[in-house]
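Engineer: Mind looking over this structure? Questions follow.
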Amino acid sequence: MTIVIAVLLIVGLSFLFTVGLRSGVAVDDGRQASNPQQRPVLGGSDPETHALQRFHIRYYTMTLLFVAFEMEMMFMYPWAVVFVEEGPKALAEMGMFLAILSVGILYGWKEGIFEWE
Amino acid sequence: MMIFVLAFGMLILFLTFGIWFAAVLDGVFSRRLSGQSAVGLLAPFHAAAVYLTQQRLRTEAPDQLNWFLSIAGYLSVAAIGLAVVPFGPDLAVIGLDTSVVFWGACESLIVVLIFLHGWSPNAPLSLIGAYRYVAIGLPIMLPSMFVLIAAAIPAQSLDLREIVASQETMWNVIRQPLGLPLFLLLGLSLTLRGPFDYADSEDLAGGTSAEDSGANRAGWQVARLAMLVGFSAVASTAFLGGYLGPVLPGFVWLVLKTLVVMATVIWLSHLLARMPVARMLGLIWKILLPISFLDLLWAGLVALA
Amino acid sequence: MGMNWIAKLAAKAPVPIFIARGNDAPDETDKLHLNPNLSIVDTPRAASILLVAGTIPHALTAHLHRLHDQLPHPRATIFWHSSPTDQLSSALGVTHGDDLGSFLLQTRAALLTGERASEADVLPDEPANVWRGVGPHGQGGKGMMGGTPYGRPMAMTDDDMRDGLKLDAYTADFGPFLTMLPSGMILKITLQGDLFQKVAVVSPPYEDARQGREIRTLLKLLGLPALANRLLIENAHCEAGFKRLVTLSGVRRAIPPDLGRTHDGSDVRSRFEHMLNDPSNPQNLHLMGLGLGDLLEGREWQEAMLILNSFDNTSLRKICANTPTDATDDMGDSSEQASGGHEGMDHSSHGGH
């Protein structure tokens with residue numbers, strides 16, 4: 001229960017601080033940004049379109065490999081706790097697991113997923 | 001209850017003092033390296049005041065809610081990072097049996113928050129920064145979590161308090177020498193610094209913060225520094241024995257070690273060059289990740305020996 | 001109007017300025033980085049004062065006005081070694097001999113106390129385009145793609161040069177006052193994600209010899225702004241300490257090999273090395289019809305910026321001359337113009353006013 005309160009307190013205070021920066025102390029005269037002020041920074045040029053777009057992400061294949069490793073992390077947490085009890089067996093098991101996943105890295109490397117394709 | 005209030009008070013003090021000190025250190029290192037005289041101790045307050053006198057601009061059709069959430073959320077996550085750190089035996093604001101997992105979960109949220117910060121202004125340079133950061137922010141978490149798990153092995157626990165206790169005889173930085181250097185790289189990435197600053201870098205005129213003015217800019221910079229404090233405290237707890245130390249009270253030791261880690265991160269951030277993002281992506285997967293496997297193997301063998 | 005305590009604190013900080021360079025910017029402009037009373041920022045959003053250094057060519061005044069309007073209030077413009085434009089007649093001028101640093105401090109103090117009113121916008125306060133379309137968000141009836149939702153059209157799909165995925169291509173003019181581009185240069189860039197798909201020159205960089213500015217920009221682009229500023233100190237590039245720091249930073253390894261290769265085999269790494277060791281001697285590069293498209297297309301953003309800044313000004317102007325130009329319709333015209341004809345899709349006629 002204390003933990004939930006602590007998290008809520010921290011998040012609440014952080015939000016309060018950010019709101020306070022915006023409203024409390026600023027000398028801001030409440031001026032709204034005018035239309036020319038709202039234009040995105042392009043060093044003096046004017047954009048044709050909105051910036052938000054179906055952005056061409058160049059590393060999307062890498063993220064698939066990332067998901068595989070991130071899931072593996074879930075197994076590693078309990079593994080770390082019982083490691084000393086289980087002894088060399090745990091080391092061998094995790095070694096095998098990582099070795100299999102590492103084949104994924106090699107395959108991805110060969111396919112060029114770490115390039116900006 | 002009293003203990004909680006005490007710990008929370010220490011947290012606020014630590015964070016405030018840490019943010020100020022990090023800003024001073026940052027100024028000292030960058031001006032020393034550029035061959036100029038150092039700045040005063042009050043310079044961070046003056047700089048913050050400048051932002052607070054400026055108008056907070058919005059852009060064309062921004063995502064106002066997410067703009068706010070990214071800044072406030074970044075600060076929250078930074079403070080939570082500090083809260084899981086034990087200030088003494090059984091003196092942590094968030095005393096959780098699985099605090100390593102909890103911290104790891106918070107840390108992965110940061111990628112989302114930094115992305116949102118670049119996405120919400122609806123501006124080209126910040127958008128590029130946002131998407132580019134994800135490419136590095138995600139994979140750099142793998143080696144850093146591996147070394148953090150390696151630090152948990154000798155403690156047989158995912159509790160940072162236990163991890164500190166397990167370092168009574170020998171600090172993890174000696175027992176697992178590869179751990180701390182790899183972990184520091186995560187610090188550079190989480191705080192958008194130097195070689196890992198793919199979000200707010202100069203080639204994008206400030207990237208995700210290129211559109212920040214006034215209070216937004218002040219809030220973002222404070223959150224970045226707060227993250228640095230939180231990260232340094234976690235690093236010194238996991239690898240430098242946290243509050244352990246002779247003569248002085250435990251909290252003082254923790255603060256001192258945190259400052260050392262902080263100074264190292266800031267120093268590295270000014271000294272190391274930033275490579276194009278594809279090159280860094282390859283470096284992380286092909287070199288840093290295998291090194292973190294080695295660290296894990298090393299930690300396992302040492303724990304069994 | 002008195003100052004509140006925040007304003008009093010702010011008055012003690014270095015003045016955040018954004019520099020817009022003209023084609024005859026004074027040599028001391030770079031040295032302003034060393035002035036402890038100033039902090040030179042990369043984006044107009046962080047600046048209190050817009051410093052116009054040298055004369056802005058007539059063709060770029062519209063860009064200057066757009067840049068001016070992006071600064072947050074309270075703001076001021078100072079023309080240094082040039083005279084204010086008609087639209088910015090309230091701006092201040094500083095002539096030769098005056099101490100610029102203290103002048104900027106005074107101006108900022110006057111802004112904070114309210115003695116000096118914050119400058120108003122030059123451009124009219126109206127949206128870039130009229131909203132047009134039948135949908136509730138201004139879209140034209142074909143999902144979100146048509147019309148001008150929230151005042152601008154959306155980016156349109158285009159074939160990608162690398163993986164053939166049909167995603168949105170973002171086209172815009174970048175420059176002339178972006179810190180990572182050579183000053184005066186405007187490029188019309190089509191990006192697929194952060195990859196350069198197409199590039200055309202709208203305006204080449206100024207003719208002035210950029211004394212050592214390329215190497216400092218390169219160092220900044222490589223994440224070493226402190227070392228870049230160190231180069232401003234007399235003969236810093238010969239110092240053993242500086243050389244050691246450059247080696248320690250791993251900057252040579254950070255530049256990908258074969259990046260921006262020209263016909264005679266020089267690449268960004270070798271040009272960087274040359275500029276670092278022998279800044280006074282320009283390199284004679286054989287460019288033979290090499291255009292910006294050959295160098296930049298297919299490059300990621302940071303790589304492209306490194307390539308651009310690895311050429312000295314003369315070579316870069318030659319490369320620009322080999323590149324197809326793109327004449328824009330708003331040269332020298334301060335009024336707002338809509339950018340029509342985007343991809344020839346269903347919103348080809350969103351007129352300005």
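Here the Cβ of each residue, glycine as well, is placed from N, Cα and C on the backbone.
Quantities reported herein were computed from a predicted structural model and do not represent experimental measurements.
As listed in TrEMBL for this protein:
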- B:34-53: transmembrane segment (TRANSMEM)
- B:65-88: transmembrane segment (TRANSMEM)
- B:100-119: transmembrane segment (TRANSMEM)
- B:131-153: transmembrane segment (TRANSMEM)
- B:173-192: transmembrane segment (TRANSMEM)
- B:225-245: transmembrane segment (TRANSMEM)
- B:251-271: transmembrane segment (TRANSMEM)
- B:283-304: transmembrane segment (TRANSMEM)
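So where do these features actually land, and what's packed around them?
Structural biologist: Residues 63, 66-67, 69-71, 73-74, 77, 80-81, 84, 94, 126-131, 133-134, 137-138, 141, 145, 148-149, 152, 158-160, 163, 186, 190, 192, 199, 207-209, 220, 227, 234 of the same chain lie 6+ residues outside the transmembrane segment (B:100-119) yet bring a C-beta within less than 8 angstroms of a C-beta in it.
Long-range contacts of the transmembrane segment (B:173-192) within its own chain (CB-CB distance under 8 A, at least 6 residues past either end) are made by residues 107, 110, 114, 133, 136-137, 140-141, 143-144, 146-148, 150-151, 154, 199-200, 224-225, 227-228, 231-232, 235, 238-240, 261, 264-265, 268-269, 288, 291-292, 294-295, 298-299, 302.
Remote same-chain residues near the transmembrane segment (B:283-304) are listed as 136, 139-140, 142-144, 146-147, 149-151, 153-154, 175-176, 178-179, 182, 185, 275 (criterion: CB distance under 8 Å, separation of at least six residues from the stretch ends).
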Engineer: With Cβ-Cβ distances below 8 Å as the criterion, list the same-chain residues six or more beyond the ends of the transmembrane segment (B:251-271) that contact it, or say none.
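Structural biologist: For the transmembrane segment (B:251-271), the list is 10, 14, 18, 21-22, 25-26, 29-30, 33, 85, 87-88, 91, 184, 187-188, 191, 193-195, 197, 228-229, 231-233, 235-237, 240-245.
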Engineer: Cβ pairs under 8 Å only, please: of the recorded stretches B:34-53, B:65-88, B:131-153, which one is richest in them relative to the transmembrane segment (B:225-245)?
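Structural biologist: Looking only at B:34-53, B:65-88, B:131-153, the most contacts with the transmembrane segment (B:225-245) come from B:65-88.
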Engineer: Would you kindly list the residues that approach the transmembrane segment (B:65-88) from elsewhere in its chain, counting only those six or more residues past its ends and only Cβ-Cβ distances under 8 Å?
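Structural biologist: Sequence-remote neighbours of the transmembrane segment (B:65-88) are 7, 10-11, 14-15, 94-96, 99, 102-103, 106-107, 109-110, 113-114, 116-117, 119-121, 160-161, 164, 216, 219-220, 222-224, 226-227, 229-231, 233-234, 237, 242-243, 249-251, 254.
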Engineer: Are there residues at least 6 beyond the ends of the transmembrane segment (B:131-153) whose Cβ is under 8 Å from a Cβ of it, and what are they?
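Structural biologist: Long-range Cβ neighbours of the transmembrane segment (B:131-153): 100, 104, 107-108, 110-111, 114-115, 118, 163, 172, 176, 178-180, 182-183, 185-186, 189, 192, 196, 198-199, 207-208, 238-239, 277, 280-281, 284-285, 288-289, 291-293, 295-296, 298-300, 303.
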